[in-house]
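**Q** Here it is, the structure in full.
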């Protein structure tokens, strides 16, 4: 029990006044004091119980009264003690009077400090100043007065003057004032408020050294400094010590609890909250505690309490920063409730209360968030930038700023900021996610890396990886890896999809139902299949957030050519979400790829039922209608598609352009006027697209085609080459058309490039007969007949029912035989000359013989093949099944027959020539043999000659027999020809015999023998031979002429056929007619082209849909 | 169920190889591989080393199809000029030359008993049946034209042009595939058309019955799919997708558990019929794979399964199937 003893005047007795039992009425004590004329210091003791520091005065003694509600009494006592009477009475007691005055000053400055109303606050401060001034008047140099003044100034917020006041004390060398503890503390406080925490800490430490038993406030100061300097553990120790010394609950508990929170220890937070609540109970009007409590409740989600607490705090506090905190709390509460309006208001108020972002940055952040929500990106950006000024390395802020830059489409800046964010905190999955999303557009690879990192981080933290992220990773894998690592994409999609009914489809446990063969065209209606599955107890569920991923997975499967599974997934999507147009479109695209036009159109119809202005569906319908030759409908559909997008969808415009282009070339009558207008229109449309999208490959391609059509090959080639280069750099777009078109231009300009071959290998798996046809034509032009034939045979093998190819093959063979026939004649002569001039060249002769014989033989074979092909064609055409009309077939048949005759003539000529050549050869051989023989002895020569002749003869006979047999076997069908051959062979035999006869009589017998064998025919032979010779000459002429005629006819035929839209390769043209060359090439060009884009370009539609789909999915993420 | 590459013969022919089949083993020799090529030759190969046994010439234009008699003694080859040459496998002696103008010749197959040779007749819209004893044409099975389409099918050739034939293992049924994707089923004994199987809309270049179930028919089409039909019940049991381009050929393994297919996408795939999915993809060919063929079981102690594939790249590949 603390008590004071008041000495009784003039005696040794003392009056004991217990502090706990302070009289209710201060006047009692005053009376005692007055009556006993107690020393003045007792007056103060009663009131103040003289303490070392003014701070302690506030916190301990004064509170005794304050708490007991005895402020009045206190003031009464002190005012009594400073009254003029006292001054007079105690005039010589300077120090005590000063102390009392100072106590009063301190009292009033405290009142001023805690007073919330500005006017009364000012009053209090004025009173306090008066008292201090009074004290100063008693002694100018009294340090405690200066300290008091300093405190007062500090309370008024006048840091500079306060500092000056404290400095006066500290610089005063008179006493030991250098270590004047209150002054030190005051100065420390000033420094603290100026943010010079370490200096402040030094001063506090000095104070502690000087006065080790100093009150808790010093330790409190140390703790605060440490706290501000981020040394939480040390701060906490200091606070604990302070608490031990003195129970400064009101201030300390909140602080300590806040530190606990900062240290992020959950249980300590809770402890801290308990302390805070204690503090709250002890003193319900401390704004700081209120704020912290509110803060706590905010985190526990009790918004109602937050609002109440902060409102109270606002009411009791006038300090800007504190108010700012309160406003901030309120704003935050509203913010989290989604009341952005109010939240924004309060944030704004909060920002207004604390002008410098360095003091309290959080409301700027909040305000930025709200403004972001409102879409006010610029102000939001400036707020966040303020936050960034204070915390330049704050990831959250960096991310938000990055986001805003994205919104303001300043991608570069956004990338920079986000990269910085990820660099600062490489474990922030969110930042990587945003970075990845940003990169998707520009750099898929880097985006994928970012997404992967994000996924890794999320997984490491045990968090659930959002389905969107997995979806994006999958899509990127899908797009970027070019299907090489499609497995990865598939895996990712699977992970994203998790468990569900689709797994059983994907794993092939459940197959699509058996389909009745007749009903297969209505296959898509088998949604019943899913119903049945449901009935069987399989849950057919598809959560909405997985639809996109499932769709993408199906796309992937489709890309991997697993169309079956893809279809089931699409159907599953449609079963659950019948409005998912894209699934219809994909199903239609699959059906289209499988040539199931009917089903495809039905599916598109379904899609249009969902949205009859869906441009994708309309475009696709248009291409389908084109495919089924429904020209007018297609045009309307494309127009509708274009209108549906207000002409912005370049695809529809392109399609219309293409339509016009085909129309220009397809029209049966080929009106040049119509053609020109169509072309012009096409060009106009292409140009329109190009204006909208200057980098549209297809439009550029189309425009170039039109240019080429007009004969401006150089320009068009340039364009094609550019497009080709651009396209080859892009993995999403493959444009074989351009390759082919480039090749066309080269071709038209007379360069037989191998571009076609490249196209074939690169794009069509060698399955495109049209390109093979181009290739064949290139060979044809280059007179590589065998290559041409082989290429055509390949084409026939690929497209067996295309009879045009057979026709072309026949022409190629005929051409080949004609060519070789002409050539062999020439070479035969050369060979003969050689063999005559050179001696001793039997082997060489044999070679020459072979060289002559073989080509002729193969020529004949080829001709036979040609005849067969043509005759087959003529009979086949009589079956009406390849769509030629009656008249054309007739001309066709006529032409084939002509060819057949021509072939016969050729054949005969060949045979004859062969024989003649052989004869000549034989002659030469005889000569050489004779010469050789002459050099040898008579008998030996005789013998040898005999032997050789015998051998030769035998060989000839054998050869002829063999030949005869072979020909008989192979050419049974053309009996007359072979008969003729037979005869000419005999004739040859005969002729040789005659020559021999002339040479030497000794061989006659044997000759006679052989002659005898052939006697029967010899009679006619001579005549026949003569005639034949004439006929041969005639025939040769005839043949040539006829060939020309036929060529002309072929030309005519070709033109007729071409006019009818038959895609003849017009290979039958005469290669030697230069005048028609340009025309022909031009036609070739146009023909080859007019099918080209019709198939290729429109095939682009699925690709386009892909592209359309993926951004969508990204958008969701 | 897997394939393992055994041997690959580069430049086995001078040109693209278009056809291949196994000639069953006889008492005197094991089974041989018979291949036909654009270079107008037919060649015989000894497995497993793929040594050249013989080269048959005489065809004009490319050889599009080869077929072997179940006895292994005779075989037939056909070329684009529409001649079928029937020859003795061991001596290469020509037994007969068949033609039935104006019908072309595409795929051919001997019936399981070896009494009839069925030949797909292309534009004649029919399958020609030749008696193997007399080499006379015994029947023409015509594919009925679709009702109500008197107008000729369009010129791109999506008509009923017959490309491929297959005998059911019991020899009672004959299936043929055509350019427009329809499959026709015939009752051979009565020489009567039974019904169509629909589902493909692009050329069916190859089809095969399951050796274990005479009802089940597998078809390969340009639409990149392989379909499984119940040929009697007219229904499609399932479809298998995975090839990137046309499926040019298929064959069913002798155990009936797997199907092998060759495609324009240059791969050979092995399909597990239980899973209805591709279990293996061989990509050793560098061009379209025109034919795949499982070696029939039998022969002198040869149990191991063999699959051969031939391609436009002029090579033959041999795999071990187990």
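Keep in mind that glycine also has a Cβ here, set from the backbone N, Cα and C atoms.
Values in this document were obtained by computation on a predicted structure and should not be read as measured data.
Relevant sequence annotations retrieved from TrEMBL are reproduced here:
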- B:10-45: repeat 'WD' (REPEAT)
- B:56-97: repeat 'WD' (REPEAT)
- B:155-196: repeat 'WD' (REPEAT)
- B:197-239: repeat 'WD' (REPEAT)
- B:240-281: repeat 'WD' (REPEAT)
- B:282-322: repeat 'WD' (REPEAT)
**Q** Sequence gap of 6 or more, Cβ distance under 8 Å, 3 or more pairs: do the repeat 'WD' (B:10-45) and the repeat 'WD' (B:197-239) meet that?
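**A** Output no: the repeat 'WD' (B:10-45) is apart from the repeat 'WD' (B:197-239).
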**Q** The repeat 'WD' (B:56-97): mean pLDDT?
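**A** A mean pLDDT of 91 is what the predicted model shows over the repeat 'WD' (B:56-97).
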**Q** Could you tell me what the rest of the chain brings near the repeat 'WD' (B:240-281), counting residues at least six beyond its ends with Cβ under 8 Å?
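**A** Apart from its flanks, the repeat 'WD' (B:240-281) reaches 1-3, 202-203, 205-213, 218-222, 224-228, 287-297, 305, 307, 309, 311, 317, 319, 321.
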**Q** List the helix, strand and coil residue totals of the repeat 'WD' (B:155-196) as derived from DSSP.
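**A** Computed counts for the repeat 'WD' (B:155-196) are 0 helix, 22 strand, 20 coil.
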**Q** For a three-state summary based on DSSP, what are the helix, strand and coil counts in the repeat 'WD' (B:240-281)?
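**A** Per-class counts: 0 helix, 24 strand, 18 coil.
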**Q** Just to be sure I understand, if DSSP states are collapsed into helix, strand and coil, how many residues of the repeat 'WD' (B:282-322) fall in each?
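**A** The breakdown for the repeat 'WD' (B:282-322) reads 0 helix, 20 strand, 21 coil.
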**Q** Looking only at the repeat 'WD' (B:197-239), how are its residues distributed among DSSP helix, strand and coil?
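**A** Final tally across the stretch: 0 helix, 24 strand, 19 coil.
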